[in-house]
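These notes concern the structure reproduced below.
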Amino acid sequence: MPEPAKSAPAPKKGSKKAVTKAQKKDGKKRKRSRKESYSIYVYKVLKQVHPDTGISSKAMGIMNSFVNDIFERIAGEASRLAHYNKRSTITSREIQTAVRLLLPGELAKHAVSEGTKAVTKYTSSK
């Protein structure tokens, strides 16, 4: 029985490498689109809290989604507060109030104190 003709070998199952830069007809390389995420910041905080602990790419994706979700909720609430008070600028006060409204009890208190500390550090460094 003759064997079927084999085409180019299929990439290995674990291989996730893809062609990043494709050649165009005129010889120029196409620029790879940048994907923004909070992963480097999540990693820095993880190393501050647990220096000997790592994080999987799946867990990093979940953390990135979480940070994006919280950011959108706080920004939306702060925008609503500014609109209610007929203001066109979102200040740290709107952000603080939005955090108090969105986060429960003790978590809101800690978030507000850390935020205040960060704003103070930023203004003193200017």
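Note: Cβ is positioned from N, Cα and C throughout, glycine not excepted.
Annotated compositional bias 'Low complexity' per Swiss-Prot: 1-12, in sequence order.
Per Swiss-Prot, the feature ADP-ribosyl glutamic acid maps to GLU3.
Taken from Swiss-Prot, the feature N6-acetyllysine applies to LYS6 (among others), supported by experimental evidence.
The SUMO2 cross-link feature in Swiss-Prot is assigned to LYS6 (among others).
Residues or ranges marked as phosphoserine in Swiss-Prot (evidence: experimental evidence): SER15 (among others).
The annotation N6-acetyllysine is assigned in Swiss-Prot to LYS16 (among others).
Taken from Swiss-Prot, the feature N6-glutaryllysine applies to LYS17 (among others), supported by experimental evidence.
The annotation SUMO2 cross-link is assigned in Swiss-Prot to LYS21 (among others).
The feature N6-acetyllysine is assigned by Swiss-Prot to LYS24 (among others).
Remark: LYS35 (N6-(2-hydroxyisobutyryl)lysine) has no non-local neighbours by Cβ distance under 8 Å and separation of at least 6 in sequence. What Swiss-Prot records for LYS35 (among others) is N6-(2-hydroxyisobutyryl)lysine.
In the three-state DSSP scheme, LYS35 (N6-(2-hydroxyisobutyryl)lysine) falls into the coil class. If you look up Swiss-Prot, you'll see LYS35 (among others) marked as ubiquitin cross-link, on the strength of experimental evidence.
Per Swiss-Prot, N6-(2-hydroxyisobutyryl)lysine is recorded for LYS58 (among others), and the stated evidence type is experimental evidence. In the three-state DSSP reading, LYS58 (N6-(2-hydroxyisobutyryl)lysine) counts as helix. Sequence-distant neighbours of LYS58 (N6-(2-hydroxyisobutyryl)lysine) (same chain, 6+ residues apart, CB-CB distance under 8 A): none.
Summarising the annotation, Swiss-Prot assigns N6,N6-dimethyllysine to LYS58.
Other C-beta atoms found within 10 angstroms of the C-beta of LYS86 (N6-lactoyllysine) number 6, with every protein chain shown included. Swiss-Prot lists LYS86 (among others) with the feature N6-lactoyllysine.
In sequence order, no residues are near ARG93 (omega-N-methylarginine), counting only same-chain partners six or more apart with C-beta under 8 A. The annotation omega-N-methylarginine is assigned in Swiss-Prot to ARG93 (among others).
The O-linked glycosylation site annotation in Swiss-Prot covers SER113. DSSP assigns SER113 (O-linked glycosylation site) to a helix in the three-state reduction. Within the same chain, no residue at least six positions away from SER113 (O-linked glycosylation site) has a Cβ under 8 Å of its Cβ.
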